[in-house]
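Participant: Sharing a structure with you now.
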Amino acid sequence: MGIRKKTNKNPPVLSHEFIIQNHADIVSCVAMVFLLGLMFEVRLGSCVLYVSLSEGLPEESVVNHFHHGLQDVATVFFYMLVAIIIHAIIQEYVLDKINRKMHFSKTKHSKFNESGQLSAFYLFSFGWGTNILMSENFLSNPVNLWEGYPHTLMPFQMKFFFICQMGYWLHALPELYFQKTKKEDIPRQLVYIALYLVHIAGAYILNLNRLALVLLVLHCFVELLFHVSRLVYFSNEKRQTGFTVWAVLFVLGRLLTLSLSVLTVGFGLSNADEQVLDLAIGNFNVLFVRITVLATICVTQAFMMWKFINFQLRRWREQAQAQPVKPKKPQAPKSKSKKDKANGVNGVSSNGADSPRSKKEKSS
């Protein structure tokens with residue numbers, strides 16, 4: 001993310017600089033329109049579609065359950081606006097104040113903002129996801145990850161969790177423009193965002209929400225440790241212990257992700273009784289879908305390991321270059337005996353001629 005320079009000049013209305021400086025206020029006004037619509041009975045139905053969760057069960061029950069549908073697109077859009085507002089609040093009231101005190105360089109400034117935003121998001125996602133796992137007893141009984149598929153019905157907290165996840169990663173797309181991201185960093189950011197959206201939305205549509213929730217909690221914990229370690233490193237470059245712990249947990253996280261995916265999709269769903277593609281009931285348990293899901297997960301994990309290895313090699317190379325080079329010891333002067341050998345033995349030089357000293361001895 002680039003650096004936003006605040007100036008006293010007022011840019012022209014609706015210009016690029018005006019939108020970038022005031023994008024949080026503009027988005028807040030748009031979100032307020034939907035919230036104000038809840039106060040009027042005429043617009044109540046359409047506004048509820050954006051603000052609250054839809055696609056619920058028609059019958060009354062003690063615990064409300066929901067399933068996914070096309071109306072979720074409107075809800076994701078609204079919470080994308082909320083994510084933009086929260087992003088601006090964290091940036092202005094937390095990260096910018098720290099940046100002014102620390103006086104980071106341009107490169108560190110950009111990386112600090114990125115890690116600061118993602119640390120807050122991963123901390124929130126990890127805590128919220130862990131709470132859902134504990135309340136739904138998915139950790140105590142792993143068989144629930146595939147037993148009873150398709151898992152078309154979700155409790156309120158689980159569906160809201162996935163809506164917020166998709167809204168957050170969608171908000172990262174306009175943030176590339178709002179934060180003035182450098183052109184060379186845009187491809188990396190787009191790949192990063194696309195991987196999250198494909199995996200989260202894919203699991204949400206294919207009713208693999210239980211497996212996706214477990215893997216997201218695991219992934220958020222590892223990523224949280226990395227970005228916190230990077231924030232600590234920016235404050236003091238000698239503190240690199242967090243990167244070592246993160247490296248170990250990163251490898252273990254990739255192995256555990258592959259193990260749970262193969263166990264759930266490769267073994268659990270393959271032994272299910274109903275293996276028929278049925279869009280009406282949301283059953284996608286067929287061989288082609290299972291192979292596609294496993295292949296996507298394996299390719300993604302391989303890509304992450306390749307990036308991880310390159311990151312570690314670059315760190316080791318930088319540490320090797322930073323180590324001071326030991327000065328070479330001065331060579332000891334040649335001994336007298338070696339000079340004598342060079343001049344000749346017993347007054348005779350190496351070319352057979354008499355040395356000046358031998359000539360004096362002969363004349364005497």
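Cβ atoms here come from the backbone N, Cα and C positions, even for glycine.
All annotation found in TrEMBL is predicted automatically rather than curated by experts.
Got these off TrEMBL a minute ago, pasting:
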- 326-339: compositional bias 'Basic residues' (COMPBIAS)
- 110-319: domain 'TLC' (DOMAIN)
- 320-364: region 'Disordered' (REGION)
- 26-53: transmembrane segment (TRANSMEM)
- 73-95: transmembrane segment (TRANSMEM)
- 116-134: transmembrane segment (TRANSMEM)
- 154-178: transmembrane segment (TRANSMEM)
- 190-206: transmembrane segment (TRANSMEM)
- 212-233: transmembrane segment (TRANSMEM)
- 245-267: transmembrane segment (TRANSMEM)
- 287-309: transmembrane segment (TRANSMEM)
Participant: Please identify the stretch among 73-95, 116-134, 154-178, 190-206, 287-309 with the greatest number of Cβ pairs below 8 Å relative to the transmembrane segment (212-233).
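Facilitator: Between the candidates 73-95, 116-134, 154-178, 190-206, 287-309, the best contact partner of the transmembrane segment (212-233) is 116-134.
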Participant: Does the transmembrane segment (73-95) reach the transmembrane segment (154-178), going by 3 or more CB pairs under 8 Å (6 or more apart in sequence)?
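Facilitator: They are in contact.
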